[in-house]
Amino acid sequence: MSESKQQYLEELKQQLHYHAVRYYVEDNPEIPDAEYDRMMRELMAIEAEHPEWISVDSPSQRVGGVALDSFRQVTHEIPMLSLDNAFSDEELESFLKRAQDRMPSAHIDAFCCEPKLDGLAVSLLYENGVLVQAATRGDGTTGENITENVRTIASVPLKLQGEGWPSRIEVRGEVFMPKVGFEKLNDIARKKGEKVFVNPRNAAAGSLRQLDSKITATRPLAFYAYSVGVVEGISLSSSHYQRFLQLKQWGLPMCPETKLVNGLESVKAFYADILNRRDALPYEIDGVVIKIDDIVIQEKLGFVARAPRWAIAYKFPAQEELTLLNDVEFQVGRTGAITPVAKLEPVFVGGVTVSNATLHNADEIERLGVMVGDTVVIRRAGDVIPQIVSVVKERRKGDENPIVFPTSCPVCHSHVERIEGEAVTRCSGGLVCQAQRKEALKHFVSRKALDVDGLGDKVIEQLVDKEMVETPADLFTLSAGVLTVLERMGPKSAQNIVNALNVAKETTLARFLYSLGIREVGEATAANLARHFKTLEAIQTATHEQLIEVPDIGEVVARHITAFFAEEKNQRVVQALIEQGIVWPPVEELGSEIPQPLAGKVVVLTGTLTQLSRGDAKAALERLGAKVTGSVSKKTDIVFAGEAAGSKLTKAQELGVEIQTEQDLLALL
């Protein structure tokens, strides 16, 4: 048993060495950071149990990473250490207890806390205030000379500002790529047909390690200082945080979220606050770094083989994890779009257990090169739908199966088609397709459409399965007696649905248009159509040229609208609904008594609203004349930011867009 465990330890070492090279040298990691951290923790646990098995080449005895041969090597005068990790409050408390136990006479209560940036660690050497050398961390002892590349980073001062700086000082920090810059860089790459970067860290590392510094100069890199190495000429403050402030006076940027806090509970509060605002920050982070602030205590605590005893990285729950792709199911939406859905071995990621992930379309499957049975990297960040971001092809065993996109609808077996220039494959069956019929009816009765109370998804599915309804108009022919044949449907519930259907007959032209499910016609577009044309008849007979005069309607949407109303079966559906008694007041009357202070304004909602739903807020803003969009641009006039607002708020701040709160919104309404 002991022999097999020692053999497993050797295999674990080899795996960690391999993945360290992929991460640090090739900038092309195969596994998520969380998986690497788990493997390292397992290695260290075995070594703690069997210290006689520890070897000098163990990953636990060094930082990790190898210097590239293509750059001149630099030896660090003081090793650039990595950090140990904590993944829970208990592990954080253990770290602090160990430090206090080593120095029982010291009162360890002040901590310098900062976000853990996801970039590349670098060392900047200044002599007489002038930048003379920049180097990567490398293996902690030897790094690569990247001076010419670092000189291109605007936030790195080539000469220190102010006065009183040491004759020689080494400043350590992180080179990273802000989210906005990363998105722009990838947008340019896509337009050129070039390979895009997987994440900002890879983009930063790849940019910094260019042999041609002219290429680096075109990349949107930034730098934040986080510590000091060699210092000659003067003595710096004995407070880590005060050293930050001194560096800032000399022109070296520090992360604005960095704080000096007192006590364990304040450290936990800092962690919780940064975790809550993670998606809103303009850069990628994967945790927070907690350092004992007193430099004297730091020096006395010292370090272990690969990390200081006075600092720790408190990591966030992983946003990426490894799991197995067990199968792929193909779902059909209301417009016939066929979407491949990955069925995964359940995995806890981003704070929830994930068992399904979108694969988007056939192009995405081909791009990933993914197969059933593969080990895949799954990502879930914030409220984003989980998705597969890469495949660990090195873990293939040979029994994986290719994913075959269907040539006929998986529900109705109609022929599938893919229009040139579109990524989506669609079922051609229309309402003949039971799946499309279900989704079309769910959309028709949804809150933003006809808003039929009590007519939920399960009821719709039963109605279609039992062939009780085929088109939206059929819903209005249902009686309470007929509805009681459905599962869990008593006479009272059935009558409530009939009553709700009768109430829903009185609607607005905008809601009616939206309920029809015309491709690309959302709430805002439907409202614009209603305001512009005033009547259903005018919209039905509008030409392509007339449609593109409507705000928010371009060539593609105009084609979808004309095609919809030109289709004979759609004409019959609309006519049947009118015959069932659906009515709306003249459009002119809707806004005649409502002031429109936001007429012509482009508005964006972001964050969590506590007093009203996002849908209600959007509808109310549109009634006030606003055009509500989903993204922030130079054309945006106002951003209404709720709690935990994310990247949209950050972008608005960068563009100088007017920002208002939920209270401002409520006052306006």
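Glycine is no exception: its Cβ is also placed from the backbone N, Cα and C atoms.
Annotated features in Swiss-Prot:
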| type | residues | note |
| --- | --- | --- |
| ACT_SITE | LYS116 | active site, N6-AMP-lysine intermediate |
| BINDING | ASP33, ALA34, GLU35, TYR36, ASP37, SER82, LEU83, GLU114, ARG137, GLU174, LYS291, LYS315 | NAD(+) binding site |
| BINDING | CYS409, CYS412, CYS427, CYS433 | Zn(2+) binding site |
| DOMAIN | 593-669 | domain 'BRCT' |
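Swiss-Prot feature annotations superimposed on the structure.
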{"residue": "ASP33", "record": "NAD(+) binding site", "Cβ within 10 Å": "18"}
{"residue": "GLU35", "record": "NAD(+) binding site", "Cβ within 10 Å": "19"}
{"residue": "LEU83", "record": "NAD(+) binding site", "Cβ within 10 Å": "19"}
{"residue": "LYS116", "record": "active site, N6-AMP-lysine intermediate", "Cβ within 10 Å": "22"}
{"residue": "ARG137", "record": "NAD(+) binding site", "Cβ within 10 Å": "24"}
{"residue": "LYS291", "record": "NAD(+) binding site", "Cβ within 10 Å": "21"}
{"residue": "CYS409", "record": "Zn(2+) binding site", "Cβ within 10 Å": "24"}
{"residue": "CYS412", "record": "Zn(2+) binding site", "Cβ within 10 Å": "19"}
{"residue": "CYS427", "record": "Zn(2+) binding site", "Cβ within 10 Å": "27"}
{"residue": "CYS433", "record": "Zn(2+) binding site", "Cβ within 10 Å": "23"}
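Cβ-based neighbour count (10 Å, all protein chains) for ASP37 (NAD(+) binding site) stands at 16. The average pLDDT the prediction assigns to the domain 'BRCT' (593-669) is 78. Broken down by DSSP into helix, strand and coil, the domain 'BRCT' (593-669) contains 26 helix, 18 strand, 33 coil. Whole-number maximum of the Cα to Cα distances across the NAD(+)-binding residues ASP33, ALA34, GLU35, TYR36, ASP37, SER82, LEU83, GLU114, ARG137, GLU174, LYS291, LYS315: 25 angstrom.
Other residues of the chain with a Cβ within 8 Å of the Cβ centroid of CYS409, CYS412, CYS427, CYS433, the Zn(2+) site, are VAL332, GLY336, SER408, PRO410, VAL411, HIS413, SER414, VAL416, SER428, GLY429, VAL432, GLN434, ALA435, GLN436. Closest in space to ARG137 (NAD(+) binding site), of the recorded positions given as LYS116, CYS409, CYS412, CYS433, is LYS116, taking the CA atom of each residue. Taken residue by residue with DSSP, LEU83 (NAD(+) binding site) is part of neither helix nor strand, so it is coil. Cα of LEU83 (NAD(+) binding site) to Cα of CYS409 (Zn(2+) binding site): a distance of 53 Å.
Between CYS433 (Zn(2+) binding site) and ASP33 (NAD(+) binding site), the C-alpha separation comes to 44 Å. DSSP gives CYS433 (Zn(2+) binding site) a coil state; it is part of no helix or strand.
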